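Listed in TrEMBL:
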type	residues	note
SIGNAL	1-25	signal peptide
DOMAIN	44-193	domain 'Nose resistant-to-fluoxetine protein N-terminal'
TRANSMEM	216-239	transmembrane segment
TRANSMEM	277-299	transmembrane segment
TRANSMEM	354-375	transmembrane segment
TRANSMEM	387-411	transmembrane segment
TRANSMEM	458-477	transmembrane segment
TRANSMEM	486-505	transmembrane segment
TRANSMEM	536-554	transmembrane segment
TRANSMEM	566-587	transmembrane segment
TRANSMEM	610-629	transmembrane segment
TRANSMEM	641-661	transmembrane segment
TRANSMEM	673-697	transmembrane segment
REGION	745-792	region 'Disordered'
COMPBIAS	745-777	compositional bias 'Polar residues'
């Protein structure tokens, strides 16, 4: 060994400590050889000069040079278990700046292709057990374990991620050539071939961001909102209760922004509300918590993980796992059964997409209940129109939605950094800059789905489209029951046929399978883009919610006997559990591929309607039955404010997940308990951000819309002047409130019933519309004011 190589090897040993193994030193030696290739290769002169200076400085153990060597990655251990990430030290590399040489962090992918070495027949005979799948076979060839043979449930082990800290003057192509020269000689000794990729976007240097127009716009909006909320809160604290009756209009508008009033309104459940449906607060809260948990698992699994074999074992679930080992006397049948069915505990996560159908069901159910309760008030001459409902709903959803999109466009890409930041977080901002207008038009689930702004934002246009269809449908059922119910039945049948035909024709999966091909690119996944996000394919739970709402309204005056309530509840739970755990049929041992197109289409068409019917049975059993315990638990008062924050939580929780994924500095170890802890932390941050969004945007905009409608009523009252009786007018006003409130909380995460929505409005003694409410007693004509409001 030459003196130069001896000094380099000593420097490598120095960087990893006196106890460093020789293999690790060889890894450092490989990095030094990469620098040598940069020095001696075909790169630009500046790159070669800086690489030469770097090699000489490493020989002398110069601090900045050793930092670059130290921040570069060694070959990872645990590759056979799926640990293919070694991200080095991102921050240490970017901190190198001598004035001449600056560190540039590059993340390379080493794609390995090993030889095919099947196990001999003699080795197969010597096995104590015959394994049905090679991934479970300890006697198979190691290269056979590393190679990706196309199993969707297996994580790639033949794509190694290694970080190299190179001089800034060297391009990604220079680094790629140097790494290929060095590592191909190593893999050649293993009779394997190598392909190296170093994308330009994954070569990063320390950057100083400058404020853009969108940044200025976002913080200007935040400043205006902060000032308005502060002014409204100060005014709210300064007013006495009696002053509200004589408040000027501008004070009433400003009080809509009072953080104190809106915060107090979060936990309000008025005594006159429909207590039979207050348990829906709990269902909605637990549903959004499950959404966050499912997304957290997905984001974590798709990122740098040390033990993806844990996720693989989870996906080898249910009945297919039971048959992964053939019968052998060495294994207890009870152990096999326990090992098999213990995997089913993960099905609520792996089939967690069903929780979205819970929100669709709740939205259809509560829309129906809210509208019918308003329409069935004994007020004659009331002309009903859906246009104010559309307007009010648009105002309810859009401001918070657009503010979140503006955050994606401006602040999000600048709020952090990391080895994977350019390929995780930055594209999200680019998608929003290109296609934000589709979200504003509620078309992002049909147009440019592969580059849609806000990945989970597909739900909002879906829900809006269904609302637009179902609101007049409910009115038709009320006015012409036979025609309306026939149309509802026709739409339900069509909503079941739509996914059947789509899955059959496009030959997609039966359901959303959380395999790596989906987790690493959901927008371009065939099932996601063609089936999962389309309104006409996802309509069955919403329409079934409308049907259950009609049943509830027709039976709400009658109580189920206690002897019938519990069996009905158990039937609903059994249907829901069967639907959830049936996902095991499509996980593990290529169950998804083994199913025929007809079987996949049939399952894809039926599992969501069955889930919705199960929810309907549960809702009817709790609301009409005598199951007090369930109702008390789900309507527990501490759950109410969190449930009302679900829309904001839906909008912002993915921001937290993107930040965690993009800023990861190293691969993480995962198990069930660790995932629970991570999810709890992200959930806490999510609801904190959702509270700010609720106090600054959601609640004020909602109350201002209600105030504007109330003022319009009062103006019409003054024009009509002094006709009729106050009692009828009050009922007309209540009818209007019922219909408007039926849209106020139908946000992207379901909603609450009209009575619950009125609770959510937070209109208390400090409400600016109290003066209008107190004036109800003097308003003369219910028909004139209601006609005007509902014809908006």
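Using N, Cα and C of the backbone, Cβ positions are placed for all residues, glycine too.
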Cβ pairs under 8 Å only, please: of the recorded stretches 216-239, 354-375, 486-505, 610-629, 673-697, which one is richest in them relative to the transmembrane segment (536-554)?
354-375
DSSP assigns the residues of the domain 'Nose resistant-to-fluoxetine protein N-terminal' (44-193) as 63 helix, 26 strand, 61 coil
Test the contact criterion for the transmembrane segment (277-299) and the transmembrane segment (486-505): 3 or more CB pairs under 8 Å, pairs 6 or more apart in sequence, then answer yes or no.
no
Proximity of the transmembrane segment (673-697) to the transmembrane segment (387-411), 3+ C-beta pairs under 8 angstroms
yes
Would you mind listing the long-range same-chain contacts of the transmembrane segment (458-477), meaning Cβ under 8 Å and 6+ residues beyond its ends?
356, 359-360, 363-364, 367-368, 371-372, 375, 384, 386, 389-390, 393, 397, 401, 439, 442-446, 449, 452, 483-485, 487-488, 491, 532-535, 538-539, 542-543, 546, 549-550, 650, 743, 746-748
